[in-house]
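These notes are about the structure you will find just below.
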């Protein structure tokens, strides 16, 4: 029995689970619709405020109406009881031969002969009468009428010689419901004679109920009308705003000819005119910028191609002079070396400009092959390793033991890595540079981390801009052109990969290259974190011991390159 009870409890919770999930889903949907629909919020707010106002007005009006109706009833009751007291006094003092019971009953019958509460539900002033002569010592009380319906609290006022009234619920043979009971002492020969009149409040209750129903019906109709009016009014505002939103979205997608229709001369029309003026200005500026950009790209491409021929001629002449520099005096020999060095830098700049122009023209293509990315890292280290040795900068390399095969353009990937490592050496401030590689099932990532000056907030995007430098006064050991990172991010995008940067002032910077292992795969995650979780001291000797083999390989590369 215990286990079956537990099963029933789980069954109840199990049935409530989908209901709770359904309620949660419904709440989320309503929340989304509420946040996204201005028209719904306007209508709902109008409905809520109107409902609150109607309820408040209904309560006030109903209270005032009830008070007025009862005040009228009380005045009628006071007038009626004054006449009734005169009638009762005359009957009781009339004939001494009648008994007290007979006199009281006769007086009650006389008072109620013209007002029947059972049939006077719709008559104003219908009442029943109660007469009471309290007992004195052994003598019992003498009464006439439904004395048990008179509240004791009201009788206390009458016994004290005061006229008073009270609202109470009565139950008699002909009536059951709320009633006004008014009482007064009499000045007859019978001592302490109490007179009470019971006025049913059926008519007044029916009047108040009718008014409440009418007000409720009218309030509902008014709510519907106000909500409809709010819907129509808000629609007059929301429709142009939605139209402007759709046109703005299409404008952002490149449809520069989209404009808002102008109707009338109201605020919405002025909004449409202002929007169209803004769109026209933006369209004109965008067109001009596109023309300037095309002209700039065409100029860069043309100049780069035109400079190739004279540069080749100058290069041949410079190489010829350099080959015979041993026959020259030291001054001319030094000038020859400077000329060859500057020609190398100029040729690098020209090649970068040509590469940028290819990316701008959309004609850059990949020459994909399956290669071991560890070899790409080692090749890049071999090309720029001499810069680190000349500056006394330690390169810490951490790569997987197994091969990391990826379908990439080896030339472009090696250029990316070479640019990242050279950039880290330039900004490391003689502190070590850490290169890490990791791979998962779909992607491979390489991070280049330095502990130098770092990046200020917002510069992690600017570093990939063309010719941008965080500190123009800083000397570049690598002799870069200012286009390396701009070309690198274009090469990464060409592989459908990512090249991202992170940095903090005084904490250094980290560049992360993430590439798909298979061509065409979309990169969504990276095996390596962007922001370093742990930042060990870059001067730790243990790191140098762990990566001694890699540094030895780097030195061998540097020796072979010489």
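Just so you know, the numbers here start at 1 and follow the chain as drawn.
Glycine residues also receive a Cβ, built from the backbone N, Cα and C atoms like all the rest.
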From 489-525, 526-562, which range did Swiss-Prot mark with region 'Disordered'?
526-562
Quick test of your reading of Swiss-Prot: among 213-233, 234-254, 255-275, 276-296, where does it put transmembrane segment?
213-233
Distant-in-sequence neighbours of the transmembrane segment (42-62), which means Cβ under 8 A and at least six residues beyond its ends:
34, 208, 211-212, 215-216, 219, 222-223, 226-227, 229-231, 233-234, 238
Any idea what the model's mean pLDDT is for the domain 'HAMP' (235-287)?
84
